[in-house]
Amino acid sequence: MIARDISSEIRLRAEEKDAVILAHNYQVAGVQDVADIVGDSLELARAAAGRREEIIVFCGVDFMAETAAILSPEKTVLLPAPDAHCPMAGMITGGEVKTLRERFPDAAVVAYVNTTAEVKAESDICCTSANALKVVESLEADQVIMLPDRNLAGYVARFTEKEILPWQGFCYVHDMMTIADVSRARLNHPGAELLVHPECRPGVIDLADYIHSTSGMIRHICASDKREFIIGTEPGIIHQIEKRCPGKRVYPLSEKAVCINMKKTSLEKVLQSLENLTPRMVVPEEIAARARVAIERMLQI
Ligand code: 13P
Ligand code: SF4
């Protein structure tokens, strides 16, 4: 079967079964093209909460499907690639959050959405890369634990008066981008703007022209009168930029910075998932109920 046939079959099944297909900006091109909505973590969480369809097919990694299942427990949430784990989400446990709370009883706990449901359940509020500073500024506490990403925490700390206590997690994809990558890219593409994700290291952030979430980068590039851009994030996003911002030239800051888990979803797996209505993401209600409070608090901001 050629890719175009699989895509038509997927669209047909999605209509028949009343399913919405959500895909992250890092997904492979074919999966992005077959989706109803392609976006960053915040846009996808909002879509998962707001869509009327009974079935959500989540083309992303596990914490994203978990978030959708927590927000819509009455719906069927499918994760076509059940082995698509985000390693950063595994860098802190619910037990470790409890210990942090004991050590810092006056601090508020902000969990990046890239965490397990168990961690969200122990946290006060969630954030994504698109709203992290806004979330922190919305809190009454002067001391804020931000977990698990040390780089996102460090980025937010630049702009707030609050004391930010970071956990030492990181995204291996963004953390592998270096100052040497920036020097090389600037040399190869003089005049191009450098946009990086807040999951990048502080030294890379220092050298960037703009810092954005993935969809923030797309909006920035589409609205800019500049033509060339270097992007310090996962290169799957380039497909979405080329679609939405025709005429722009985009270069990855690092060719090696590929998220293997985001590439585990294929058109074949999406079709199978729609046909069999598996693998399904279910979060036990005793954890989901507490995690929902943290996610919904974020969505209200
Ligand atoms: P955003 O798309 O929310 O910017 O996040 C990037 C990411 O690494 C998701 O896993
Ligand atoms: Fe996790 Fe990084 Fe992959 Fe996003 S890009 S899913 S944070 S490993």
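Any Cβ shown, glycine's included, is placed from N, Cα and C.
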Kindly point out which candidate in Cys245, Cys259 is recorded by TrEMBL as part of the [4Fe-4S] cluster site with Cys86, Cys171.
Cys259
Iminosuccinate binding, same site as His24, Tyr112, Val113, Asn114, Ser129, His197, Pro198, Glu199, Thr214 - TrEMBL member from Ser7, Ser8, Ser41, Ser183:
Ser41
Given that the record lists His24, Ser41, Tyr112, Val113, Asn114, Ser129, His197, Pro198, Glu199, Thr214 as binding iminosuccinate, what is the largest C-alpha to C-alpha distance among them, in Å?
17
Residues near the [4Fe-4S] cluster site, Cys86, Cys171, Cys259 excluded, by Cβ within 8 Å of the Cβ center?
Val61, Pro87, Met88, Asn114, Tyr172, Val173, His174, Glu234, Asn261, Met262
List the binding-site residues His24, Cys86, Tyr112, His197 whose Cβ sits under 6 Å from any atom of ligand 2, in sequence order.
Cys86
Tell me the Cα distance separating Asn114 (iminosuccinate binding site) from Cys171 ([4Fe-4S] cluster binding site), rounded to the nearest angstrom.
10
